[in-house]
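> According to Swiss-Prot, the record shows the following:
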- 1-70: region 'Disordered' (REGION)
- 40-57: compositional bias 'Polar residues' (COMPBIAS)
- 88-131: repeat 'WD 1' (REPEAT)
- 139-182: repeat 'WD 2' (REPEAT)
- 185-225: repeat 'WD 3' (REPEAT)
- 231-270: repeat 'WD 4' (REPEAT)
- 301-338: repeat 'WD 5' (REPEAT)
- 356-396: repeat 'WD 6' (REPEAT)
- 405-438: repeat 'WD 7' (REPEAT)
């Protein structure tokens, strides 16, 4: 982590409730308020996440696949539930993220999203969860699904990107307590946001409109659109950058996982040009790259909606609504990921993390900063934590966390950067704090 990134959360965040509306000096092409309404295509009508189309438990060939290999041993990590609270909107909380761009000794700050609300909290060492700020979107029909933290590379202020059913990305500065810019472009709901691991300005968004978009939030440019001819054929539900930020893996309702390289000459040039672009010095709009062809694609891992994907080194962790997170890699075991061709049809499944009662979609797992732990909640409020510090993924040990009053679907989890706190957010608008026992 660079010094600049470390500074971000150190600025004291004022505590207040804010209305979300954008400031006037955002790029009008991307942020025009007059465009806002054009994006709420069929989104206001159905803000809940519908049921999973088919129950995969009785899919052919599922029962014997990898059975018995994953009897989890006792995990070395243990957690204790120390606090919980409930947000007053009584709607599902779909997303939670700790701000990892903070220095040692800085307060542990996390954000939750659900309904038309974005809320920031601080975890106190004694177990308290303190409300810092709450933002409400001006549109009561907005339903935020996802959030992601970054920092301003000039001021080091923390920044929070949020998006949801209306397909509008909003960037919030918690220090000035303003929505400083917003981006309209996706033709439908946005299901996930991710910031590049090495460039705090490169934001990836994935959407119900079947496409991924890469934005430069410093120059307010749309760098590239991934989708089209060989792109996803249904909603994109999740995506992740690899550790170096050279590759993106995306997944969605079409049961597929697709690899997009962003370290190609074409993409490197596009990213550089997005930094050089200055609308004050030219009349021409920025030309976004249209990437129609992924660098690898497979439908051989899952038999249903793929709703969460993360890189683990050169391996992939992905899940569907089939009660298992699958660890796999493109190509054969010995193949180098950098040399995988788009025509590659092989995949190698290395193992599975099995759990139960998680067959609804849009349930997302998370890892800690050092990728030593993996956490996922199920639809009855049970949390699973796996120890990933094993040479063979088959030997991953699991611990199950339960608390009697936590009985609603856990939509997402997030670890604090030092892994001392695990937060889970639920469908009944509750937030649960688990502290790691050392």
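Each residue, glycine too, has its Cβ placed from N, Cα and C.
Could you place the listed features in the three-dimensional structure?
DSSP places the residues of the repeat 'WD 1' (88-131) in helix, strand and coil in these numbers: 0 helix, 23 strand, 21 coil.
Note: the repeat 'WD 3' (185-225) comprises 0 helix, 22 strand, 19 coil (DSSP; helix = H, G, I, strand = E, B).
Over the repeat 'WD 4' (231-270), the average per-residue pLDDT in this prediction is 98.
A Cβ distance under 8 Å defines the sequence-distant neighbours of the repeat 'WD 5' (301-338), meaning residues of its chain 6+ beyond its ends; these are 52-57, 59, 62, 237-243, 247, 249-253, 255-257, 259, 344, 346-367, 371, 374, 376, 388, 393.
Outside the repeat 'WD 6' (356-396) by six or more residues, the chain places 49, 51-52, 55-57, 69-70, 72-73, 75-77, 79, 94, 100, 145, 191, 237-238, 304-305, 307-308, 310, 312, 315, 317, 319-323, 325, 327, 350, 402-403, 406-415, 417-419, 422, 424, 426, 434 with a CB less than 8 A from a CB of the stretch.
Broken down by DSSP into helix, strand and coil, the repeat 'WD 7' (405-438) contains 0 helix, 20 strand, 14 coil.
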> Which sequence positions outside the repeat 'WD 4' (231-270), separated from its termini by at least 6 residues, show Cβ-Cβ distances below 8 Å to it?
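Distant Cβ neighbours of the repeat 'WD 4' (231-270) are 189, 191-192, 194, 196-199, 202, 204, 206-208, 210-212, 214, 223-224, 288-289, 291-292, 294-299, 301-311, 313-314, 316, 318, 320, 330, 337, 340, 361-362, 364.
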> Take the repeat 'WD 4' (231-270) and count its residues per DSSP category (helix H/G/I, strand E/B, coil), listing them in that order.
6 helix, 17 strand, 17 coil
